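Q: Pulled these features from TrEMBL for this protein:
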type	residues	note
COMPBIAS	443-454	compositional bias 'Basic and acidic residues'
COMPBIAS	455-480	compositional bias 'Polar residues'
COMPBIAS	496-512	compositional bias 'Basic and acidic residues'
DOMAIN	15-79	domain 'DUF1899'
REGION	443-529	region 'Disordered'
REPEAT	88-130	repeat 'WD'
REPEAT	138-180	repeat 'WD'
REPEAT	181-222	repeat 'WD'
């Protein structure tokens with residue numbers, strides 16, 4: 001019996017339902033003992049996450065009496081957090097955004113209301129005292145800094161966006177502003193880079209979506225994003241050339257859209273989600289092509305699968321919780337638990353409680369073995385190029401690593417930062433240059449080296465002279481010299497000091513002193529009759 005072959009279009013569907021290995025993904029919140037409690041989360045009314053995570057630390061912006069601060073906790077330090085936990089307190093205004101360097105797990109960038117970006121080094125094990133001195137203080141914005149973002153493949157390249165409508169590009173290693181992108185006419189709401197960092201997608205209050213070449217500083221494409229007056233966000237969808245956006249319609253309905261980076265005149269897809277008022281933020285997973293959408297004040301997280309063919313976006317499911325969220329931190333893929341089939345992990349900041357809760361997005365599988373279809377090679381903590389190469393025009397994709405080989409997911413890189421040197425820095429380097437010389441130990445016995453004998457005699461004479469000097473000083477101190485004495489008295493004291501030095505010199509010994517036994521025998525002989 002001949003069975004007709006199914007059309008290619010319907011091979012991935014069954015009775016109108018599209019098949020997907022991510023259809024049954026579910027969210028699993030952490031137990032109470034694995035949450036971070038008693039964290040005074042910042043109440044600043046801003047749409048940034050206020051949380052950043054990597055395989056070593058979790059950083060959370062906190063509420064303080066004056067200025068701005070955030071805490072950094074080792075990932076395994078869960079439970080109730082002491083209210084006196086050391087903080088990073090170098091900002092003069094509230095901290096608005098935090099981002100860990102993708103190539104150095106001990107380096108974090110913070111943007112704040114005081115118009116500055118600061119770079120901080122966090123030692124392994126966390127802070128033992130308040131940290132107030134940053135590695136670098138990047139000043140260039142005229143108004144608050146709401147977004148900081150690292151380049152995904154080039155080392156020490158940092159982007160920042162502020163309320164002055166500008167995007168600044170920094171060489172973080174030298175602390176130098178390399179480029180200013182003055183391309184927007186209103187406040188910038190979001191900034192996202194594609195897989196290799198050659199394109200940038202931005203949204204702003206003027207309701208425009210822009211595709212920018214960050215090297216040349218040119219706008220490649222521009223179009224109307226969402227017509228609503230509230231904030232809209234954008235995220236690049238890997239290397240597919242698609243951009244996923246969230247925003248509001250003119251009737252204040254929440255929407256999502258999928259756009260072709262080469263044509264922003266018409267969206268590939270534009271759908272309504274609901275009528276809630278919270279600003280939606282998208283999070284994209286490059287490896288699984290799944291985008292997660294979470295709203296401020298919501299208790300749920302929706303997730304969609306992105307494809308490069310119509311209809312481009314497929315709803316999968318949602319994680320539902322009864323606690324509203326203030327913001328989210330996201331763990332890099334190299335920090336996910338492969339044995340549990342975890343493909344994504346959020347760190348949820350509660351809106352009404354002082355709690356940060358990890359939420360794992362898990363694909364249900366019966367086997368606990370490595371699942372290669374869930375974990376393709378992912379971005380490693382190794383940069384593909386230096387900042388100098390990128391500013392010179394080089395473009396490279398990320399260096400990939402396997403999640404199966406068990407290679408190190410944490411970085412232990414030395415501190416690469418060095419601000420621009422001043423003349424005083426160079427003088428100090430010359431002054432202490434001797435510290436960098438190699439010291440070679442001499443393991444020969446003392447009898448085998450005449451140089452060692454001379455050195456030992458020199459050291460012993462130096463010790464004796466130091467003792468003489470100390471005793472002389474003690475004698476002079478007993479004279480109670482006052483700082484208000486006249487010059488004549490100081491001269492007399494100096495004369496007395498010279499006399500003391502002469503008196504303390506040992507007088508030459510006589511023969512009788514050198515041989516006391518012989519002198520006693522001679523005296524006894526003279527006394528005998």
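Counting begins at 1 with the first residue displayed.
Each residue, glycine too, has its Cβ placed from N, Cα and C.
TrEMBL annotations: computationally assigned, not manually curated.
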Q: Need one number: mean pLDDT over the domain 'DUF1899' (15-79).
A: 90
Q: Using DSSP, break the repeat 'WD' (181-222) down into helix, strand and coil residues and give each count.
A: 0 helix, 23 strand, 19 coil
Q: Looking only at the repeat 'WD' (88-130), how are its residues distributed among DSSP helix, strand and coil?
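A: Reading the DSSP string over the repeat 'WD' (88-130) gives 0 helix, 26 strand, 17 coil.
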